[in-house]
Amino acid sequence: MLYPFSILLLLFVVLCVAASEVDNSIEQRNIIIALHKKLRHNHKDTSALKWDTILAFQSKQYVKKCDFNRKSDISGFANLIAIDNVASGFKNWNQTINAWYKGNEYYDYDHPGYTDAAATFITMVWKDTERIGCASQECPSGTLYRCLYSPSIPIHLILDEKEYESNVATTK
């Protein structure tokens, strides 16, 4: 019976380390969750997202490099469970998340599918997504923001229009 206890202890240690590496205050987390809830609520059958410390830790590992030229990183482990939104040039989480949502202006509900212009919006409102973890980093060139969403799939690889119809719900 020592083996299951060891696994639980290891998981606890990993979560504690991850939590200590993420600098989001409770207030920031609440803003991120509340704004996503409000914007996702505009769409049929989308649920509120739950905060995920591991996703927040992965987001922090990305933004703390302050590399504004890096492309979205969904390789390896993250590729199996999550997809991200990354941004810079905004003053706070409110501006950042609202800018991501503005991609809805470029989404065509009559011909559902992926477009680069709507990608951040699609990621935010993907119906099957349940968890989110975000981080930001003050850098010499400005603040870098990232949120990871899970479960998700690389939306740019989906060619089936029906997948978009069922996961990017129309507005209420």
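Keep in mind that glycine also has a Cβ here, set from the backbone N, Cα and C atoms.
Annotated features, as they stand in TrEMBL:
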DOMAIN    27-157  domain 'SCP'
SIGNAL    1-19  signal peptide
DSSP-derived helix, strand and coil totals, residue by residue, for the domain 'SCP' (27-157): 58 helix, 27 strand, 46 coil
Averaged pLDDT, computed only over the residues in the domain 'SCP' (27-157): 86
